[in-house]
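Engineer: I have a structure I would like to understand better, so I am pasting it below and will then ask my questions one at a time.
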Amino acid sequence: MAELEHLGGKRAESARMRRAEQLRRWRGSLTEQEPAERRGAGRQPQTRRRSPRVRFEDGAVFLAACSSGDTDEVKKLLARGADINTVNVDGLTALHQACIDENLDMVKFLVENRANINQQDNEGWTPLHAAASCGYLNIAEYFINHGASVGIVNSEGEVPSDLAEEPAMKDLLLEQVKKQGVDLEQSRKEEEQQMLQDARQWLNSGKIEDVRQARSGATALHVAAAKGYSEVLRLLIQAGYELNVQDHDGWTPLHAAAHWGVKEACSILAEALCDMDVRNKLGQTPFDVADEGLVEHLEMLQKKQKMLRSEKETRNKLIESDLNSKLQSGLFKNKEKMLYEEETPKSQEMEEENKESSSSSSEEEEGEDEVSESETEKEAGNAKMFIAKILRFL
C-alpha cells in the first residue's frame with residue numbers, strides 16, 4: 001500500500017513538473033507576476049463588472065480555499081458570487097488543481113456546483129487530461145460519468161488517452177472514445193483545419209482579423225508557429241500578416257517556434273525575412289529562449305537570411321535600374337511621338353495649303369483663259385461689226 005501511495009505521489013509530482021514546463025509557453029516569466037491587463041503597456045483594460053484588482057484577489061482567495069479543501073469556505077465564497085470557473089494566470093481552474101491533488105471529494109463538490117468539466121487551461125488541458133496523466137482512475141471515471149469529453153485536444157495535439165500510461169487508464173479512455181464516436185485524428189486536425197480556413201479567407205479578402213488570445217496576446221501566427229502548422233503559417237505570411245508581431249510578453253512567432261523546437265516553422269519565418277534579433281520584455285532574443293537542439297539551426301538560418309537580404313537588395317537595385325531605363329526609353333519614345341504628332345498637323349496643313357494654292361492657281365489660269373477667250377471672242381465680234389460697216393459703205 002505504501003508503495004502504491006509512493007507511486008501515486010511520483011505520478012502527481014511528474015504531472016506537476018510537466019505542467020510547469022508546459023506552462024512556460026509564450027512567456028519569459030512576466031506572466032507569472034500578474035495578468036497582462038494589469039501590466040498595462042498602453043492597453044486599455046476590458047470593461048468588467050468589478051475592477052481587475054478586486055476580481056484577481058477574489059479569484060486567488062477562491063482558488064486557495066479550494067486547494068486547502070475547505071468546502072465550507074468555498075460555499076461561502078460561492079454564495080458571495082465567486083466564479084467557480086475562475087482561473088489563475090496559467091488558466092488552471094480549481095477543478096484542475098483538485099484533480100492534480102487527487103482530491104476526489106473537492107472534485108465532486110466542484111462538479112456538483114456546476115464547474116466546467118471540460119474547461120481548458122492555457123495549454124488546452126482539461127481536468128481529464130490531468131487525471132489521465134496522473135493515473136487517477138477513480139477521478140477519470142467520475143469525469144466520464146459526468147460528461148467529460150475524451151476527444152478534446154491540448155496544445156500539443158494530445159487527447160487524454162495519449163497521456164495515459166497505465167493500461168487500465170488507456171483502456172477506459174479508448175473505450176469511451178468508441179462510445180462517444182470520437183474521430184481522434186479529426187479531433188487533432190480540427191484546430192489546424194479551422195485555422196487553414198481562416199487563413200484562406202483572409203488571403204482572398206485581403207483583410208486580416210487581428211484575433212488574439214485574451215491572456216497571452218498570442219496571434220494566429222504565434223499559434224501556427226508554435227504548433228508547426230506549416231501550411232497555415234505560409235498562408236498567413238502570404239496574406240500579409242506582420243512577421244514580427246509580439247504578444248503581451250514581447251514574444252514574436254519566431255520566439256514561439258524556437259522555444260517549442262519547431263524547426264520547419266523557424267525556417268519558414270526566417271526565409272520570409274522576419275527579424276531574428278527582436279527582444280522580448282526580458283531582453284531575450286529567439287536564440288535565448290530556443291530549444292537547445294535548435295540553436296545551431298537558428299544560427300544557420302541567420303546566415304542564410306543575410307545572404308537572402310543581400311540578394312534581395314541586389315535584385316531590387318537591378319529592377320530599379322531596369323525600370324529607370326525603361327522609363328527613360330519610354331519618355332524618349334513619348335517625346336518622339338509628341339513631336340511626330342505635332343509635325344503631322346503642320347505637314348497636313350502645308351499640304352492642304354499647297355493643294356489650295358495649286359487649286360487657286362488652276363482656277364486663276366482657267367479664269368485667265370476664260371477672260372482671254374472672251375476677249376478674243378469680243379475682239380472677233382468687233383472686227384465682224386467693223387467689216388459689216390465697211391461693206392455697207394461700199
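Cβ from N, Cα, C; glycine included.
Copying in the features that TrEMBL gives for the protein in this structure:
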{"type": "COMPBIAS", "residues": "1-24", "note": "compositional bias 'Basic and acidic residues'"}
{"type": "COMPBIAS", "residues": "337-349", "note": "compositional bias 'Basic and acidic residues'"}
{"type": "COMPBIAS", "residues": "362-374", "note": "compositional bias 'Acidic residues'"}
{"type": "REGION", "residues": "1-52", "note": "region 'Disordered'"}
{"type": "REGION", "residues": "337-381", "note": "region 'Disordered'"}
{"type": "REPEAT", "residues": "90-122", "note": "repeat 'ANK'"}
{"type": "REPEAT", "residues": "123-155", "note": "repeat 'ANK'"}
{"type": "REPEAT", "residues": "216-248", "note": "repeat 'ANK'"}
{"type": "REPEAT", "residues": "249-281", "note": "repeat 'ANK'"}
Engineer: On the 0 to 100 pLDDT scale, where does the repeat 'ANK' (249-281) sit on average?
Structural biologist: 95
Engineer: Do you know the DSSP helix, strand and coil residue counts for the repeat 'ANK' (249-281)?
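Structural biologist: Across the repeat 'ANK' (249-281), DSSP assigns the residues as follows: 16 helix, 0 strand, 17 coil.
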